[in-house]
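Asker: Dropping the structure in here first, questions after.
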Amino acid sequence: MAAGDGGRVSSGRDVACVTEVADTLGAMANQGFDFLCMPIFHPRFKREFYKEPAKSRPGPQTRSDLLLSGRDWNTLIVGKLSDWIKTDSEVSRIRKTSEAAMQQELNFSAYLGLPAFLIPLKQEDNSNLSRLLINHIHVGHHSTMFWMRVPLMAPNDLRDDLIENEPISLSEEDNSGEERTWIWWHNFRSLCDYNKKIALAIEIGADLPSGHVIDRWLGEPIKAAFLPTSIFLTNKKGFPVLTKVHQRLIFKLFKLEVQFVISGSHHHSEKDLCSYLQYLEYLSQNSPPPNAYEMFAKGYEDYLQSPLQPLMDNLESQTYEVFEKDPVKYSQYQQAVYKCLLDRVPEEEKETNIQILMVLGAGRGPLVNASLRAAKQAERKIKVYAVEKNPNAVITLEGWRYEEWGSQVTVVSGDMREWKAPEKADIIVSELLGSFGDNELSPECLDGAQHFLKDDGVSIPGEYTSYLAPISSSKLYNEVRACREKDRDPEAQFEMPYVVRLHNFHQLSDPLPCFTFHHPNKDDVIDNNRYCCLQYRVDLNTVLHGFAGYFNTVLYKDVTLSICPESHSPGMFSWFPILFPIKQPIPMREGDTVCVRFWRCNNGKKVWYEWAVTSPVCSAIHNPTGRSYTIGL
């Protein structure tokens, strides 16, 4: 379907009936609309499939496909199911007729090659509707998407009877009204087994549900948003505008690249219909600009990536290059080394006290450069060892040493755990952290290297903590499900973590700390196996699809880095969150407690995670013995 160019808003016009489809399409295009939502059959033409003589009525059932080119049908028309069709009617005759009519309309839309077909959800029980649709999807090989039109609030929940300025009571019954239409949608997509061809077209009314309910909707696969003309207000110049609350919702929908559909009759007689589009364009141009992190992550939204395993694999040059561009991480490392040098070397010793600094996992040298800058800033002397196991990156380090660093830096090619250091270090600096903190085996690496750290030596970072938060996301659940590999267990893809820029999701509760590691590790017996039990309260009806993982780290004293949402280091993009999926979505009721058990396991050769939900219901333990995913030591 036609999408907006660049940042332009993609918009459509919803019409109840079309007499001349080509003329109407042309008129809509002149107004600035990108596509047309229209009935494929005349809305009042109730076909008869069982009784004569109506059953055998001669003549075409609807207009010919020759009225438009195939390209126009494929890109500019969204079909609509006839309103009179009631596939879940308790009256047998109505149900059977509706089934046949729906089948006819679905087949004809597939024949036309429509990009999308609109089906309204008007009640909680849509079992037969879901059966008909999923059968249609499985029988054919068509590319049509199915947009389920669902109001954010059911019509009888709209608060027309509220007295102006009267305080609104938030009793349990009042809140249940906000839940109703989401339950329609959730039941429907569950019956259709989260099929990727079924998406959501929300209808935005004059009244909106509460903020946390809207946030839940934003975790659903929304493709379109219907804006009735009746919800627009009129400003002093006669132009249509929306309330501030509606504007905030529109801004959030822009981020999801939702297409907007204007429905209803023209309520601003002095202005053309295009004034509604002009207003949406105005909102788009005045929406909050993306920050540095969002700019960097553009195109990676909800794209699953396997976590890096730099201990087992040698990284490519381009991978190093991406991480080296981070404007925040290395300035924070520089600040940490700077403060550490000032603490360790008094002013009167700055000419004689040479600190031994070892960069463990030097890569292509960004930490070496940051440390040298810190020493210059602090006016302290350092001797640097740059230890790197990747022989390809060592070539780059030797180039740096030859051209820039000179004898101040010694390049060591080898594994830090096996290196026999000629002297002990005052400071060891490393960047071995993954999206979950310890998932790139920083604990094992630094524990193996701390024997060449002086007794009073400092590790940068000094500690790091992983965090977990329960999330709901149909999009991510389907993305994980699609990762099935031919020769593996059919559910193995649910037993491994993924690095992902979380976008189309809803976080159900605040992150809680999971595992913490300190360096240097002073324990008598070093054991990096871990277990934790985390509990979260859920404040609304929803579905659990997995857990988002984050971390924060203390580099040195008050110098920190974080990817936790509430404390994210501004402008830092070196790490996306990590996702731990679960095999089966778990429905959650308002007030439920999510309890998740998490293990970090190590058998001397590999490290892996195991996880299980134990409340409100028990899931299977995911990834036992590391059968689906391990991290090689």
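Glycine is treated like the rest: Cβ placed from N, Cα and C.
Fair warning: this is a prediction, and the values are worked out from it, not measured in the lab.
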Asker: Suppose a student reads Swiss-Prot and sees Phe323, Glu440 listed for protein. Which of Glu316, Glu431 should they find annotated at that same site?
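Answerer: Candidate listed by Swiss-Prot for the same site: Glu431.
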Asker: Would you measure the largest Cα separation among Phe323, Glu431, Glu440 for the protein site and round it to whole Å?
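Answerer: Of all Cα pairs among the recorded protein binders, the widest measures 15 Å.
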Asker: What count of other C-beta atoms do you get within 10 angstroms of the C-beta of Glu388 (S-adenosyl-L-methionine binding site), across all chains shown?
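Answerer: For Glu388 (S-adenosyl-L-methionine binding site), the count of other Cβ atoms within 10 Å is 25.
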Asker: Measuring Cα to Cα, how far is Phe323 (protein binding site) from Asp415 (S-adenosyl-L-methionine binding site) in Å?
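Answerer: That comes out at 21 Å between the alpha carbons.
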Asker: State the mean pLDDT for the domain 'SAM-dependent MTase PRMT-type' (304-611).
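Answerer: Mean pLDDT across the domain 'SAM-dependent MTase PRMT-type' (304-611) comes out at 95.
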Asker: Where does Glu431 (protein binding site) sit in the DSSP three-state scheme?
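Answerer: SS state of Glu431 (protein binding site) = coil.
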Asker: What other residues of this chain sit with their CB within 8 A of the center of the CB atoms of Phe323, Glu431, Glu440, the recorded protein site?
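Answerer: Going along the sequence, the neighbours come out as Leu308, Pro310, Gly361, Gly363, Leu432, Leu433, Gly434, Ser574.
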Asker: What's the CA to CA span in angstrom from Asp415 (S-adenosyl-L-methionine binding site) over to Glu431 (protein binding site)?
Answerer: 15
Asker: Round to the nearest Å and give the CA-to-CA distance linking Glu431 (protein binding site) with Lys329 (S-adenosyl-L-methionine binding site).
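Answerer: Cα-Cα, rounded: 10 Å.
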Asker: The record names Tyr320, Lys329, Tyr330, Glu388, Gly414, Asp415, Met416, Glu440 as the residues that bind S-adenosyl-L-methionine; what is their largest Cα to Cα distance in Å?
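Answerer: Between the outermost Cα atoms of Tyr320, Lys329, Tyr330, Glu388, Gly414, Asp415, Met416, Glu440, the distance is 25 Å.
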